[in-house]
Structure formats: C-alpha cells, structure tokens
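According to Swiss-Prot, the features are:
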DOMAIN    14-137  domain 'MsrB'
BINDING   Cys53, Cys56, Cys102, Cys105  Zn(2+) binding site
ACT_SITE  Cys126  active site, nucleophile
Amino acid sequence: MDAGKGEYQIAKSDEEWRRELTPEQYGVLRQAGTEQPWTGELLDESRAGVYACAACGAELFRSGTKFDSGCGWPSFYESVRPEAVELLEDTRLGITRTEVRCANCGSHLGHVFPDGFRTPTGDRYCMNSISLDFQPEDE
C-alpha cells in the first residue's frame, strides 16, 4: 500500500496486520481492495451507533450521517471529525479519485465523491463494509 502521511498512531508490520485481519479484511484494508457492491454486511444497517475502523477501532462515522446512495456500499456525508480520515489522490484505475484512509492506522476505507445527493456536505463517503465495525449506541 502506498504511504499516506507516513506515520500513524497505530503502526504495525505487514506480518502483524496479516495475523490480525482475515484475508478478506487484509485485501481491502491493507491492499486497497474493494468488496463487491451489495454484499457488505453494513449496507442496510439502520440502528443508531458509530462506525469504527475494523483494523484499529478508531471512530470514523456516525449513523446520523449515513444515507442510501444506491451505489451498493455504505455511504456517509461526513466523518466524525475531519482529522479522523486521511484523503489521498488515487489514480490507480486511470481516473482521479479521492481515497479515504483511517488517519489512525492508514487502512483503506473506500473513496469520497463530491457528487451531491442533497446532503449537508454534498459529499458521498463510499465505504467498504469490511473496513468498518459497527458499534450500536445501545450496547
């Protein structure tokens, strides 16, 4: 995975990440893969709560900012704090996109698109379910 800002609060070796994550999680979180649309466990999650990084547990999104974008991945219009995520230019597919990573550990979460959807920010954070852990508010 390409380096982002270089230093993260949670810094582990590739070997440590491989031991701690499932192969599917590793492929998305550490190798910037993408899960298939409409397959993620959190796509239809509607309870109140917080979405945290599946790799390090850092809080990333709140359920109040989640919306149905119809794209097949969980979508949010903003992160819990601007500094909770890291935004990087991604040109891997021959187009320019903005990659979203966890600012705490550098794990790949998905991409953000400024395509409106009549949200308060106009942004659509299109996240991989496998990159997130949902923590219900009532637990």
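Each position is counted from 1, following the chain as shown.
Each Cβ is built from the backbone N, Cα and C atoms, and glycine gets one as well.
In sequence order, Tyr8, Ile10, Ala54, Ala55, Gly57, Ala58, Ala103, Asn104, Gly106, Ser107 are the residues of the same chain, not among Cys53, Cys56, Cys102, Cys105, whose CB sits within 8 A of the CB centroid for the Zn(2+) site. Cys126 (active site, nucleophile) is 19 Å away from Cys56 (Zn(2+) binding site) when you measure Cα to Cα.
Of all the recorded positions listed (Cys56, Cys126), Cys56 has the fewest other CB atoms within 10 A of its CB. Helix, strand and coil counts under DSSP for the domain 'MsrB' (14-137) come to 23 helix, 40 strand, 61 coil. Looking only at the binding-site residues Cys53, Cys102, the densest Cβ neighbourhood within 10 Å occurs at Cys102.
Cα separation, Cys53 (Zn(2+) binding site) to Cys126 (active site, nucleophile), rounded: 14 Å. A simple way to gauge crowding: the CB of Cys105 (Zn(2+) binding site) has 20 other CB atoms within 10 angstroms, across all the protein chains here.
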